Amino acid sequence: MKKVRFIFLALLFFLASPEGAMASDGTWQGKQYLKEDGSQAANEWVFDTHYQSWFYIKADANYAENEWLKQGDDYFYLKSGGYMAKSEWVEDKGAFYYLDQDGKMKRNAWVGTSYVGATGAKVIEDWVYDSQYDAWFYIKADGQHAEKEWLQIKGKDYYFKSGGYLLTSQWINQAYVNASGAKVQQGWLFDKQYQSWFYIKENGNYADKEWIFENGHYYYLKSGGYMAANEWIWDKESWFYLKFDGKMAEKEWVYDSHSQAWYYFKSGGYMTANEWIWDKESWFYLKSDGKIAEKEWVYDSHSQAWYYFKSGGYMTANEWIWDKESWFYLKSDGKIAEKEWVYDSHSQAWYYFKSGGYMAKNETVDGYQLGSDGKWLGGKTTNENAAYYQVVPVTANVYDSDGEKLSYISQGSVVWLDKDRKSDDKRLAITISGLSGYMKTEDLQALDASKDFIPYYESDGHRFYHYVAQNASIPVASHLSDMEVGKKYYSADGLHFDGFKLENPFLFKDLTEATNYSAEELDKVFSLLNINNSLLENKGATFKEAEEHYHINALYLLAHSALESNWGRSKIAKDKNNFFGITAYDTTPYLSAKTFDDVDKGILGATKWIKENYIDRGRTFLGNKASGMNVEYASDPYWGEKIASVMMKINEKLGGKD
């Protein structure tokens, strides 16, 4: 009985749908339909062979029109006139629906390049996930899926392939889309397939053959966008090295296992070549190929001297080296001792090094006999009859009677023996540039006044000159009536002479007083003195700015910079914008000299340094080795005199206002 009932219900459903309904040759009376047997159709489908369409006759015997009909899980749509919609789109309440060839509304399905959702409505401007294809699609405003194009959706860019599939975790030209399909914006990306990092720029494309600055470091992206790592890059006429993490090597050492050598990379990442580097409390030299000099000799054309670099590249200084079956000595500045005497405090003996730096032995040099070990056999360097001595080391200190340092003087300077004070085997009482003190005998070499040059002063009738070397003189004052033209005068302080006292107009001038010259007048100095190619030219305004800000005389600043930098034309001036010799130590002037960013900063920065280290400490005038700036600023005992001479020369050219 149950089986018969089930078959009956199924038959009723079948007959209630278009598939189960049968064609009829009945007639229409308005919206009603009379079947062939004359009965009135109701609650059933009718196929009219004349109109070739299905109609649905409702319970009130009228056909359904402009409305939906649900039968089971299916929906049908009856159009105006009662025709059943099939294989077509129907618009209802602003939405579109698709009825298939059987008239059923499609749901969760593709219709061409359109998609209808769970309600049957066509999807518009929304995402669609199709589990059959395991892919995402996007339906645009026109109801069609995106295809072979980029779309920006809610601020993110997506790419859709042929067929509308969303591209994920792949490259598309120079762009990359992540696992969610969004185009990767600015930042790093690691691609496992290529086992490399890439950098995506702000425009969404990967960086290619270019530098990127990120989080305080530079990186280089090669052709194809691959990040350079553990490799060299040639760019901007220099080599650069990208470390294992891709960061550019900068201000650091790098060991290259391929060449088995160390290299140094400066600020900006440039490989150092033909250059010195101060690091680890030592000097190192990087050769023309960038490799560190190690266990070898290097000739530096700038200083015109040989240097030796030990294992690890450390510069040898104050040390002996055995090489080429001879001993060599590297001085405190690292230069090879050559054609000179060297006192070794360890063995407490003098040695002589010939041309090429070879140590002399078993021979006589300048009348002094050297033994088989190279030591001088002649005993003392002093001479009881000598009145003058010359400084032997690069610099040597002058001490008071208690052994406290008073000042220091440069190699080659000539000191007077002060016979009014006691000297002994270890120290000599001397006088130089106004300073009286004591110097170690080992730092001095006796001079023969009848043969050796002794500094002197002389007047030509117009100017009074200080001859500090045989071919070098400094005009220090105007001729005085008490002076005898052509006569050589000698003075231990440069002020007191036989028959007169010299008044140097600028040597003891208070440098905290402003000059009477304007910036424009200071600029004229270069043309008046015929000085060309100077970095200091037209910098009068900067000198005056320094004067106003730091209260230091601008004329002095110009003269000081002129002396130290050869009027802004020296190598240190050109390479480092250092015009005042700041930290240009006697042993390593170029290497140790401070670097300034530009000319103006070189002038202003040095003025600030001078104020803090000299003016503010009471040394407000140039002076000599007894007082003033010259005591500590320079080892040259006549440094102050030389600057004062330049000031005098400029003052005369500009009209004598100071």
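Cβ coordinates are placed from backbone N, Cα and C, and glycine is handled just like the others.
What Swiss-Prot says about this protein:
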SIGNAL    1-23  signal peptide
REPEAT    42-63  repeat 'Cell wall-binding 1'
REPEAT    65-84  repeat 'Cell wall-binding 2'
REPEAT    86-105  repeat 'Cell wall-binding 3'
REPEAT    124-145  repeat 'Cell wall-binding 4'
REPEAT    147-166  repeat 'Cell wall-binding 5'
REPEAT    185-206  repeat 'Cell wall-binding 6'
REPEAT    208-227  repeat 'Cell wall-binding 7'
REPEAT    229-248  repeat 'Cell wall-binding 8'
REPEAT    250-271  repeat 'Cell wall-binding 9'
REPEAT    273-292  repeat 'Cell wall-binding 10'
REPEAT    294-315  repeat 'Cell wall-binding 11'
REPEAT    338-359  repeat 'Cell wall-binding 13'
Look over the recorded stretches 42-63, 65-84, 86-105, 338-359 and say which has the most C-beta pairs under 8 A to the repeat 'Cell wall-binding 11' (294-315).
338-359
Tally of residues which DSSP labels helix, strand or coil - the repeat 'Cell wall-binding 3' (86-105):
0 helix, 11 strand, 9 coil
Restricting to the repeat 'Cell wall-binding 9' (250-271), what is the model's mean pLDDT?
96
For the repeat 'Cell wall-binding 4' (124-145), what are the same-chain contacts with Cβ under 8 Å, counting residues 6+ beyond its ends?
96, 110, 113-115, 117, 151, 153, 158, 160, 164-166, 181
Do any residues of this chain, six or more beyond the ends of the repeat 'Cell wall-binding 8' (229-248), have a C-beta under 8 angstroms from a C-beta of it, and if so which?
197, 211, 217-220, 222, 254, 256, 263, 265, 269-271, 290
Distant-in-sequence neighbours of the repeat 'Cell wall-binding 7' (208-227), which means Cβ under 8 A and at least six residues beyond its ends:
174, 188, 194, 196-199, 201, 233, 235, 240, 242, 246-248, 250, 269
